[in-house]
Amino acid sequence: MSEAEYLKAVEMLNIWAKAYYTQDNPLATDIEYDVLYKKVETFENEFPDLKVSYSPTNRVGDAVSEGFEKINHKAKMWSMEDIFDDNELLAWLERGEKAGLEFFVEPKFDGASLNLTYENGVLISAGTRGNGETGENVTQNVKVINSIPLQIDYKEKIEIRGEVVIAKSDFDALNDERANSGENLFANPRNAAAGSLRQLDSAVVKSRHLKFFPWDVGENSLNFKKHSEIMEFVRNLGFLKDDFVRVCASLTDLRKAYVDLHEMRERKDILMDGMVIRINELTKCENMGYTIKFPRFMVAYKFPPVEKATKLIDINLQVGRTGVITPVGVLEPVNIDGATVRNATLHNFDEIARLGLMKGDIVSIIRSGDVIPKITGVFGARRNGSETPIKRPEFCPVCGSRLLVEDIFIRCQNLTCKARIVNSLIYFCSKKCMNIDGLGEAIINTLFEKGKIINISDIYTLKADDLEGLEGFKDKKISNLLASIENSRISPLYRFITALGIEHIGEVAARKIAEIFGENWLNASFDEILKIDGFGEAMAKSFVGFCEINREKIENLLSFLHLSAQKTEISQNVFTKKTVVITGTLSISRDEMKEKLIKMGANVTNSVSKKTDFVLFGKDAGSKLEKAKMLGVKAISEDEFKEML
């Protein structure tokens, strides 16, 4: 094969791949493709200096990365404003004189946003959205996604933006495979797509069958007048095109498009959570510009949460670290929004009574985004007499001890109950507590069953000899685990207090105790604790009682640790003593943002109420942002947050 023949073969393979992967229109048999591919591969092995970057052999996916470098986008990747009903749509249309304009609409696929950069017709880089200006360089992984061309027929520099997704059918197959391997399941296709894109091993990425759907361009030198023309041009370069793309000229057209797309929601193999509406005329878009948060010329009309009916087969009882028994509904598997739902939390037995639940009932299940599936109602009229009552338990399902009823809670009081011990160990080692990487649920259960860890202090006496010979424990894993345990010995005091799992004492309360009492925290009296801002009698009683009963165990634990309790000096600012809820994806992790806010004197909570002062939201914010709007709580974007500092 000559160099000219090689280049022609590469071109032919790319044409065939484009027809197969993006047009669903094979131009060659698998055998023809494989034979030509092998010839190209042989030539490249003989003449590696002549190999071109857009060769299909670059999609093999055998590279393992050490991590991801940062990459800057030439043009900012903006978030979109969300709307949830026709009234909000009408209000958006009335802002900025949008009447009489043409609108481009398409599905809002729920995946991971990606920015591709091409120069001289060749893919040179790919970056995740990140904070909109800087993302992670995932070029190596993107090269194994078959629906992303390595070469395009356009020589000018251009950024092409879109969504990396995984089909529902591929998602189900992936989770089945993970279940068979004993791995944790992905919550939904969006998490699977985002997680796959950030795999260090591109062979894993290739096996996930990711797809890329373009939805915009960044930096470019195109001369089109309409967004629809740009997208037609981009898709003709070899990218996927969804079968639902419309140009609408009125509110009636937009409403019809939304209804039509919503009806397709279940049938589509790609998870979508709404419809994107944007002004089609590019000059008008440019004139309208941007707010601090969003483009003024586009909006995401979100779909309502998916609700399904299924059968409640049974009730499982879970025993938490404090002994509280939580009923979990076991469901006939049902697919909701791209995820197979098999369980739903029921919180407590008062909730079961409120709903009037019986085993065998047909129930209504709702799931929105990452929210835990919830039973919202019972179809009582569909009962056939086979249903059975759900009885409150009298004995612990794990240790058999008689249970104590405290208000709405039912509790196991046996401190040696296996479930309580194991869950306490898991909580102690968790990221927000002592952050012992490698000591997760599965490993803790194994170590407990083998008698290697019976209580928390046993963690700090573990030796390599204790771990050798256990299934899955090789030298490297043992070394990493022991190093992680060693690193946890030096920790902020508040993390240790949090890790003890004292009822009513979470991270925020633990921080206050650590800052006020420092090294003398263990000797704080009921009256002293009660004086702390935000503390009530239940919190004070729980903390002091726990410390009195477990003082010897705590002091033993402290002998293994070096804890610091530095008092933070807080300068008065807009967030001091304000209650803040964080939702959505930010440019930094949620824990990092939480730490920032706490250092400014804010109280960071998990749920939105009338007492919430701010909801800080990022990309893909869900029900918390909706609730903030409903309650009139001030919602701020990350950009607004920075402006307020």
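We count from 1, first residue shown onward.
The backbone N, Cα and C atoms fix where each Cβ goes, and this holds for glycine too.
According to Swiss-Prot, the feature NAD(+) binding site maps to ASP30, ILE31, GLU32, TYR33, ASP34, SER79, MET80, GLU106, ARG129, GLU163, LYS302. Taken from Swiss-Prot, the feature active site, N6-AMP-lysine intermediate covers LYS108. Marked as Zn(2+) binding site by Swiss-Prot: CYS396, CYS399, CYS412, CYS417. Among the features that Swiss-Prot reports, domain 'BRCT' is placed at 570-645.
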Binding-site residues: MET80, CYS396, CYS399, CYS412 - member with fewest neighbouring CB atoms within 10 Å: CYS399
Nearest-integer angstrom distance between the alpha carbons (Cα) of CYS417 (Zn(2+) binding site) and LYS302 (NAD(+) binding site): 46
DSSP helix/strand/coil residue counts for the domain 'BRCT' (570-645): 26 helix, 18 strand, 32 coil
Beyond the site residues CYS396, CYS399, CYS412, CYS417: chain residues whose C-beta lies within 8 Å of the centroid, for Zn(2+): VAL319, GLY323, PRO397, VAL398, GLY400, SER401, LEU403, GLN413, ASN414, LYS418, ALA419, ARG420
Cα proximity to LYS302 (NAD(+) binding site), best match among recorded positions LYS108, CYS396, CYS399, CYS412: LYS108
MET80 (NAD(+) binding site) versus recorded positions LYS108, CYS396, CYS399, CYS412 - nearest by Cα: LYS108
Average model confidence [pLDDT] within the domain 'BRCT' (570-645): 86
Distance from the residue listed as 'active site, N6-AMP-lysine intermediate' back to CYS396 (Zn(2+) binding site), taken between C-alpha atoms, in Å: 47
Distance [Cα-Cα, Å, rounded] between the residue listed as 'active site, N6-AMP-lysine intermediate' and CYS412 (Zn(2+) binding site): 47
CYS412 (Zn(2+) binding site) and GLU32 (NAD(+) binding site), distance between Cα atoms, whole Å: 67
Distance [Cα-Cα, Å, rounded] between ARG129 (NAD(+) binding site) and CYS412 (Zn(2+) binding site): 47
